[in-house]
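The structure appears below as structure tokens.
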């Protein structure tokens, strides 16, 4: 009976993992990633040059995550974009399964306890993991790196512990990782750390000479060349690291020195770091180990990985999940050491905690309090997806070159394919140069910046490409350019706005009729429209109700209030509202 209770309690934790992955799609990245996957499926090749922008058309593009994009496109083509959560569900389930498997191996080696069923430690550590990394569970290719890091670590550790014959799996796993996500360099780092540690243990602690591990490790590193870009991918992680240090255009890449890093996830990370460090130093809770004792007890590889991934987590807010995943099995063992006796009440407590987290997630109570961008459900968030703007361009056949902000472009690549080409988009420094990104952000924030030619920065950009239309987000970053176009620019007319975007058309013969029909014209026309909903499938809503049959009523601002705020944003008085 006790065995069944353990498994039932562990299953309740898995269910919390599943419900953590069931979230409304809101990340703009997924749209260009789906579009790239569709292009690959249509052309039976991986693009090595830019095919989606007109500013960097035919420039080199090393697309690392092409296989993830193909998977995403396949899910989209068969089921719809809202069902990308299926991939996230699969990944988080594998993370929990391999965290459990690794915790069993750690218990056997370090605590000398062989367990045949999940114990309290892995259940509590996994729930803490799910609570902490939820903010990165957003159905993006990053999810594959999250799962591969724990699978990789498991097979490396198993070999260190028992010379497992399954070590050869690191070769196909490294090939898969190299073609799935740019964090594949972590696989190389894990191999090198284990390689260094095993040779150090051989030289200084008289352990076995790691010849087999060295051979397979080197082969795994070389195997990164099995991808569309060949051997250059072996050194490409250094280029990626350089890009990340240059990319200051997204808050997820900010490190611990920035105030935006210090959300609750960072404090959870510090808590886990302290607990695991205490486990290293005082495994039995009483005796402090010497360095020799710590290495003998835990092995050098895991100690080095612990500190390496802690450093990694400090470099960028988005890296915290990697540290948490790596440490979850270790934290589980520590909890099992501290909890010397088990009873049914503990597992009933796990049931209660799982049920509580399930309710908090599915009812959006946790998201409303801690992660307001997230929302439980199966669907696409219409409030963060430029559906209305894309529909306006499509219905009125507005084409040619457009100046579309880097966030909106991602969805346009998907929805307005194949004709649409971006000015800039979320492929970031994989395609676009740092200077180009910096200058474009200057246009957003200071369009009247003077150049040595006597032109303003916006005049230079406009003359260079003669944009037929402009689409901008109604966000603080783009406020100055939006205001400039409304009040100071004679070349463009505001013709459309909604909760997310503003659209401007160039005053020319081609657009004359549309401007006459929709133009703002200094307040004579009301351009603001209601939000356009995304056409989610009926099956998505059905399954949402199966998982949570209660209605999550979201408080919505009145249309008149949102409309007034928009006109205030562009610095004008709202026209009289007409029925």
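Here the Cβ of each residue, glycine as well, is placed from N, Cα and C on the backbone.
Segment annotation: TrEMBL labels transmembrane segment over residues 81-100 (candidates 61-80, 81-100, 221-240). Given the ranges 32-52, 347-367, the record in TrEMBL names 347-367 as transmembrane segment. Of the listed segments 102-119, 120-137, TrEMBL assigns transmembrane segment to 120-137. Of all ranges given (183-205, 390-412), TrEMBL attaches the label transmembrane segment to 183-205.
Contact check: the transmembrane segment (318-335) against the transmembrane segment (81-100) gives at least three Cβ pairs closer than 8 Å, residues 6 or more apart, which meets the contact criterion. Taking Cβ pairs closer than 8 Å, the transmembrane segment (261-281) reaches residues 128, 131-133, 135, 254-255, 288-289, 294, 298, 303, 306, 310, 313, 317, 320, 323-324, 327, 330-331, 333-334, 337, 370 in its own chain, all 6 or more past its ends. Sequence-distant contacts of the transmembrane segment (81-100) (same chain, at least 6 residues past either end, Cβ-Cβ under 8 Å): 10, 13-14, 17-18, 20-23, 25, 30-31, 34, 71-72, 75, 118, 122, 125-126, 129-130, 137-139, 143-144, 146-147, 150-151, 154, 325, 328-329, 332, 378-380, 534, 536-537, 540.
Between the transmembrane segment (293-312) and the stretches 120-137, 143-162, 347-367, it is 143-162 that has the most C-beta pairs under 8 angstroms. Non-local neighbours of the transmembrane segment (347-367) in the same chain are 5-6, 8-9, 12-13, 15-16, 19-20, 22, 120, 123-124, 127, 130-131, 134, 374-376, 547-548, 550, 552, 554; each lies 6+ residues outside the stretch with a CB under 8 Å from one of its CB atoms. If you count C-beta pairs under 8 angstroms between the transmembrane segment (7-26) and each of 120-137, 143-162, 183-205, the highest count goes to 120-137.
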